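Student: This is the structure, below, for whatever I ask next.
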C-alpha cells in the first residue's frame with residue numbers, strides 16, 4: 001500500500017532541550033511539497049556537530065530532530081522533482097546545491113546560500129516544517145533531520161547514489177568522510193611531498209589524514225590527547241602521532257621544531273578556539289596553510305596579530321570539504337564503490353536507532369570513531 005501523499009507516522013529521536021538525552025517519540029511526517037523529497041532512512045552516523053547542539057555550543061531552534069550524516073531510500077517526491085524518484089538510494093545534503101546562487105555558480109565555492117547552517121531557522125527552504133510530535137511542530141536541522149525513520153528534504157539537498165551502495169557504510173560520505181577528506185584534497189590542496197598536521201582524530205580528523213595521504217603528503221603528524229586513537233591514525237596514513245599533554249611547551253612550538261619552522265598544511269578538526277590558534281601557529285609563517293574544519297563554539301571570537309598572516313600564511317575554512325554537494329557526493333560514492341578508499345576503519349560501532357543515546361555516550365567517552373545507527 002503506497003504511502004505517497006499521506007502523513008507517515010514513525011519513530012524519531014527528538015531533542016526537546018539542550019543538555020538532555022534524546023527522546024524516542026512517535027512523530028508525524030507530512031508529505032513532500034513541490035520540489036521536496038521524502039526519504040526512508042536506512043543508516044545514520046553520529047557526528048560531533050550533532051553533539052554541539054546537544055551541548056549548547058551550536059545554537060539551532062528546538063525542539064528539533066537532529067542528524068545530518070545519513071543514507072536512505074526515496075519514499076515519495078513532490079511535484080516538479082526530476083533528479084530522484086521513489087526507490088532511489090540517496091544521501092541527504094546538509095549543504096544544498098541550488099545551482100542558481102552566486103556561490104553555486106562560482107567554481108571555487110560550495111557554501112550554497114540556501115543553507116541553514118550560518119543562521120539556522122530550523123525549517124525547510126520555504127520556511128515551514130514537516131514534523132509534528134504531540135501536536136506540536138518540530139524543527140528541522142540543517143535541512144536534513146536524519147534521526148528519524150522518515151524525513152523530508154528539498155530536492156537541491158539530496159543526491160542520488162549508486163544503486164549497489166551499502167548504505168550502512170556510505171552514510172559517512174554524507175558528512176564525516178567528505179568533510180575531512182575534502183578539506184585536504186579540495187580546500188587546502190595538499191601537495192605531494194608536503195608536511196601536514198591534523199588536530200583531532202575523530203571520524204572527520206581521520207578522514208583528513210586519509211585525504212593528506214591520498215594527496216601524497218610525505219609527513220602526516222596526527223595530534224590528539226587520546227592516545228587510543230594513534231594506532232588507527234597510523235593505519236590510515238599518519239606517519240607520526242603526538243599528544244600535547246606529553247610536552248611542557250605549546251604544541252605549536254613542538255610542531256615547528258619537528259618540521260624546520262612549521263608544517264605546510266594544518267587542519268583543526270575539533271572546534272576549539274585554542275586548537276584553532278595552535279593549528280594556525282604551527283604552519284610555516286611564509287608558506288603555510290591552515291584550515292578550520294571543526295565547528296566553532298557559538299558566540300566566541302578569535303583575536304590574532306595580523307603579522308601572523310602578513311608574512312604569508314593562509315587561513316581558510318571548510319564546509320563539506322569544499323565539495324559541491326549534489327555533484328560531488330555521488331562521485332565520492334562512486335570512488336568508494338571503485339575501492340579507491342575504504343570506510344571500514346572509521347566505523348567502530350553499529351547500533352539500532354533506538355540506542356542513539358548510547359551512541360552519544362560512546363562519542364563522549366572517546367571510545368568510538370563513528371557509530372552508525374541502523375533503522
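For all residues, glycine too, the Cβ spot is worked out from N, Cα and C.
Swiss-Prot lists 2 with the feature N-acetylserine, giving similarity to another entry as the kind of evidence. Annotation source Swiss-Prot lists phosphoserine at 23, citing similarity to another entry. Sequence annotations record features per position, and here Swiss-Prot assigns phosphotyrosine to 35 based on similarity to another entry. The annotation Zn(2+) 1 binding site is assigned in Swiss-Prot to 47, 68, 175 on the grounds of similarity to another entry. What Swiss-Prot records for 98, 101, 104, 112 is Zn(2+) 2 binding site. Residues or ranges marked as NAD(+) binding site in Swiss-Prot (evidence: similarity to another entry): 200, 201, 202, 203, 204, 205, 224, 229, 293, 294, 295, 370.
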Student: State the count of C-beta atoms found within 10 angstroms of the C-beta of the residue listed as 'phosphoserine', not counting that atom itself.
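Tutor: The residue listed as 'phosphoserine': 14 neighbouring Cβ atoms within 10 Å.
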Student: DSSP secondary structure for residue 293 (NAD(+) binding site), reduced to helix/strand/coil, please.
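Tutor: Its secondary structure by DSSP: coil.
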Student: Given a 10 Å Cβ-Cβ cut-off, pick out the one of the binding-site residues 101, 104, 112, 295 that has the most other Cβ atoms nearby.
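Tutor: Result for the most crowded candidate: 112.
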Student: Counting other Cβ atoms within 10 Å of each residue's Cβ, which of the binding-site residues 200, 202 comes out lowest?
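Tutor: Among the binding-site residues 200, 202, the sparsest Cβ neighbourhood within 10 Å belongs to 202.
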Student: Output, ordered by sequence, the same-chain residues six or more apart from residue 224 (NAD(+) binding site) with a CB under 8 Å from its CB, or 'none'.
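Tutor: Residue 224 (NAD(+) binding site) has long-range Cβ partners 199, 200, 201, 205, 230, 233, 241, 243.
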Student: Just checking the recorded positions 35, 104, 112, 202, 204, 293: which sit within 10 A of residue 175 (Zn(2+) 1 binding site), CA to CA?
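Tutor: Those close enough are 204.
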Student: Using a 10 Å radius around each Cβ and all protein chains in view, which of these binding-site residues has the most neighbours: 98, 204, 293?
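Tutor: Result of the Cβ crowding comparison: 204.
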Student: Enter the number of other CB atoms within 10 angstroms of the CB of residue 175 (Zn(2+) 1 binding site).
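Tutor: Residue 175 (Zn(2+) 1 binding site): 33 neighbouring Cβ atoms within 10 Å.
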Student: Name, in the order they occur in the sequence, the residues of the same chain whose CB lies under 8 A from the CB of residue 35 (phosphotyrosine) and which sit 6 or more residues away.
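Tutor: For residue 35 (phosphotyrosine), the qualifying residues are 78, 79, 80, 81, 154, 155, 156.
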Student: Using a 10 Å cut-off, grab the number of neighbouring Cβ atoms around the Cβ of residue 68 (Zn(2+) 1 binding site), all chains included.
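Tutor: Taking all protein chains shown, residue 68 (Zn(2+) 1 binding site) has 23 Cβ neighbours within 10 Å.
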Student: Other than 47, 68, 175, which residues of the same chain sit close to Zn(2+) 1? List them in sequence order, counting a residue when its Cβ is within 8 Å of the Cβ centroid of the site.
Tutor: 45, 49, 50, 67, 69, 70, 94, 142, 144, 174, 176, 179
Student: Taking only the binding-site residues 47, 68, 112, 293, 295, which one has a CA atom nearest to the CA atom of the residue listed as 'N-acetylserine'?
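Tutor: Spatially nearest to the residue listed as 'N-acetylserine' by Cα position is 68.
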Student: Taking the Cβ of residue 47 (Zn(2+) 1 binding site) as the reference point, list residues of the same chain whose Cβ is under 8 angstroms away and which are at least six residues distant in sequence.
Tutor: 68, 69, 175, 176, 203, 204
